[in-house]
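Q: Below is a structure I'd like to ask you about.
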Amino acid sequence: MPPSGLRLLPLLLPLLWLLVLTPGRPAAGLSTCKTIDMELVKRKRIEAIRGQILSKLRLASPPSQGEVPPGPLPEAVLALYNSTRAQVAGESAETEPEPEADYYAKEVTRVLMVEKENEIYKTVETGSHSIYMFFNTSELRAAVPDPMLLSRAELRLLRLKLSVEQHVELYQKYSNNSWRYLSNRLLTPSDSPEWLSFDVTGVVRQWLSQGGAMEGFRLSAHCSCDSKDNTLRVGINGFSSSRRGDLATIDGMNRPFLLLMATPLERAQQLHSSRHRRALDTNYCFSSTEKNCCVRQLYIDFRKDLGWKWIHEPKGYHANFCLGPCPYIWSLDTQYSKVLALYNQHNPGASAAPCCVPQVLEPLPIVYYVGRKPKVEQLSNMIVRSCKCS
């Protein structure tokens, strides 16, 4: 007698033949998804977190809650907890590079400082304390039409040989003729010229977004309270008027400039579309009608949901979880996926499709008591920030 699988084969062959003749269409036509009980999913997630916390703390069971002392935490413990929280917040706030923008080659453009003969230089006070560098923003916009395409901007200065050490400061010009401090540099003596570079990406991106015609920087000697001499002793190429002829031309070409690195304009629409899709995913993740793999909000109150009083800080946190289908491509050249769908119909416990899983996880700092002793711990991978199909 043939095995049961072979007995079913004659019944499946007509259906498989029909699938082969069917044009590619969405997987929803043969969806076997059942209605999801969100409350059940949340309860399972809460119980998983209960075990996760105990496991990470190497505790077989929750500590005794009768010995937790009343009142506020000791000052040293609270300071340690707050500093740990600040560190985690700082790390999570760091902007992650976008894969699309990082992939494409960057166009590099050099925009020279406006020549000293321009009328704009008459609007600032001249003296031995500072030098001024102005840039035509129309040239910047011609190089980078969209501020979001700018990857990096550097102010490059060719300093001449320097016989004494000097501390210099860089400032940005504001519209009301005030100056905003940006950065500083300690310059050491040198017998040869040397290029100086300042990261001014944020400033240039701001200029590209505004409508000003001329924007500028100021390089000044550091004003020391211990010294009355605030002369800018470092020489910057392009500010010397003693050169003539070819040497003056070379000086002019090496005068201060902005080095711009930006994604090519032809990629702008593609990057905008991908950002728009990511923004929609972020918004829709918390909608009850969302059907894709995404982050679902879940706040866990330690006392209410877990019945724990031994975790003193925080009182709860957004653990979140990933949920949603991960459809795979159905087309004439991937008909095997339809066979897998039939397989799943007859084997509901198995899964050959990709799953919705966490992509970015963040740690959770806590203060808890073991007996009457408070401890600060950082639990890794406790907060789901984004999901992916894998």
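Cβ from N, Cα, C; glycine included.
For reference, Swiss-Prot lists these features for the protein:
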SIGNAL    1-29  signal peptide
REGION    30-74  region 'Straightjacket domain'
REGION    75-271  region 'Arm domain'
CARBOHYD  N82  N-linked glycosylation site
CARBOHYD  N136  N-linked glycosylation site
CARBOHYD  N176  N-linked glycosylation site
REGION    226-252  region 'Bowtie tail'
DISULFID  C285-C294  disulfide bond
DISULFID  C293-C356  disulfide bond
DISULFID  C322-C387  disulfide bond
DISULFID  C326-C389  disulfide bond
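Can you walk me through where each of these features ends up in the structure?
A: On its own chain, N82 (N-linked glycosylation site) has no residue at least 6 apart in sequence with a Cβ closer than 8 Å to its own Cβ.
Reduced to three states, the DSSP call for N136 (N-linked glycosylation site) is strand.
DSSP assigns C294 (disulfide bond) to a strand in the three-state reduction.
Remark: C293 (disulfide bond) has C322, L323, G324, P325, C326, C356, C387, K388, C389 as non-local neighbours, by Cβ distance under 8 Å and separation of at least 6 in sequence.
If you draw a 10 Å sphere around the CB of C387 (disulfide bond), it holds 25 other CB atoms from the protein chains shown. When secondary structure is read from DSSP and collapsed to three states, C387 (disulfide bond) falls in the strand class.
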Q: Give the sequence-ordered list of residues that share a chain with N136 (N-linked glycosylation site), lie 6 or more positions from it, and have CB atoms under 8 Å from its CB.
A: V111, V114, A213, M214
Q: Averaged over the whole of the region 'Straightjacket domain' (30-74), what is the pLDDT?
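A: The answer is 77, the mean pLDDT of the model over that range.
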